[in-house]
Amino acid sequence: FVSHQVEILHWETKKQLCFLDKVEPNATIREIRLMFHKLYPRWYPARQSIKLDPKGKSLRDEEILQHLPVGTTATLYFKDLGPQIGWTTVFLIEYTGPLFIYFLFYFRMTFVYGLDERFTSSPHPVVNLACICHSFHYIKRLIETVFVHRFSRGTMPLRKIVKNCLYYWGFAAWLAYYINHPLYTPPSYGKKQINFAVIMFLLCEAGNFSIHVALSDLRRNGSKTRKIPYPTKNPFTWLFFFVSCPNYTYEVGTWISFTIMTQCVPVGLFTLLCFIQMTIWAKDKHCTYLREFKDYPSHRMPIIPFLL
């Protein structure tokens with residue numbers, strides 16, 4: 001075989017950072033990242049964005065040098081992505097915070113509401129139920145992070161963790177403050193409204209978990225090959241017949257049911273923001289599926305069957 005030469009330039013200054021000689025044509029981008037890391041130890045592979053064009057997309061780890069539109073002398077561009085943090089760690093931090101923050105308000109710590117002992121518990125059973133459901137939701141997320149999720153990308157820029165935590169932790173505190181407030185009033189239609197919401201909540205949680213398991217099964221044995229997700233024998237996965245991202249559909253359903261259960265305006269606003277963000281993610285993923293798979297089911301919508 002004819003060996004390749006790889007020149008790596010800085011994406012902005014175009015200054016040559018290194019010149020790799022006698023690179024095998026079947027070398028992957030991951031292997032090139034490792035070669036670059038040996039020369040520049042501070043830029044570990046997860047910090048590296050390797051591109052064909054300075055303003056283009058980063059090349060994936062599994063892409064092979066000889067399959068790229070380059071000659072025997074390839075010019076690649078490097079961009080430093082900054083300090084990285086693993087996605088598992090990110091999710092554990094993001095989801096552990098709301099779990100414990102909620103309890104500060106649920107137990108009505110004196111520094112929160114400034115009340116005496118007469119107001120240390122709520123007279124409304126729905127407040128206890130809301131705490132159970134909120135805790136269950138985040139405990140489920142933590143379990144999925146450790147045992148279910150398989151991440152196509154291993155890391156996220158460290159700087160984003162602060163923004164993400166402010167979002168999850170801040171909203172958890174806002175919701176908990178009003179739901180556990182001494183002046184909180186229960187839902188207008190009483191037990192009927194609460195029972196309906198609880199059933200809806202549990203169904204959506206079961207659906208969300210089922211979709212995550214189905215998506216995880218597509219990446220068994222550590223495979224990073226992208227595949228079209230299809231429904232399985234599990235009825236909760238049949239939503240794949242109609243939408244590309246049923247996990248987001250169920251997630252929004254979970255928060256809609258929590259809004260109905262608590263009849264609390266801050267929960268409704270949080271649900272609306274969740275819906276907007278997840279619609280953006282779902283549309284992006286839907287477009288990716290359409291771009292990568294020519295035989296992708298044309299009748300699927302991103303997040304809401306037949307509509308959106």
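Glycine is no exception: its Cβ is also placed from the backbone N, Cα and C atoms.
Taken from TrEMBL, the feature domain 'TECR-like N-terminal' applies to 5-80. With DSSP classes pooled into helix, strand and coil, the tally for the domain 'TECR-like N-terminal' (5-80) is 17 helix, 29 strand, 30 coil.
Averaged across the domain '3-oxo-5-alpha-steroid 4-dehydrogenase C-terminal' (155-308), pLDDT in this predicted model comes to 94. The domain '3-oxo-5-alpha-steroid 4-dehydrogenase C-terminal' annotation in TrEMBL covers 155-308.
Taken from TrEMBL, the feature transmembrane segment applies to 85-107 (among others).
The transmembrane segment feature in TrEMBL is assigned to 166-184 (among others).
The transmembrane segment annotation in TrEMBL covers 196-215 (among others). Among residues of the same chain six or more beyond the transmembrane segment (196-215), those with a C-beta under 8 A of the stretch's C-beta atoms are 129, 133, 136-137, 140, 144, 148-150, 187, 229, 232, 234, 236-237, 239-240, 246-247, 249-251, 253-254, 256-258, 260-261.
With a threshold of 8 Å between CB atoms, the same-chain residues lying at least 6 positions outside the transmembrane segment (235-250) that come near it are 204-208, 210-212, 214-215, 229, 278-279, 281-282, 285-286, 289, 299-306. The feature transmembrane segment is assigned by TrEMBL to 235-250 (among others).
TrEMBL lists 256-276 (among others) with the feature transmembrane segment.
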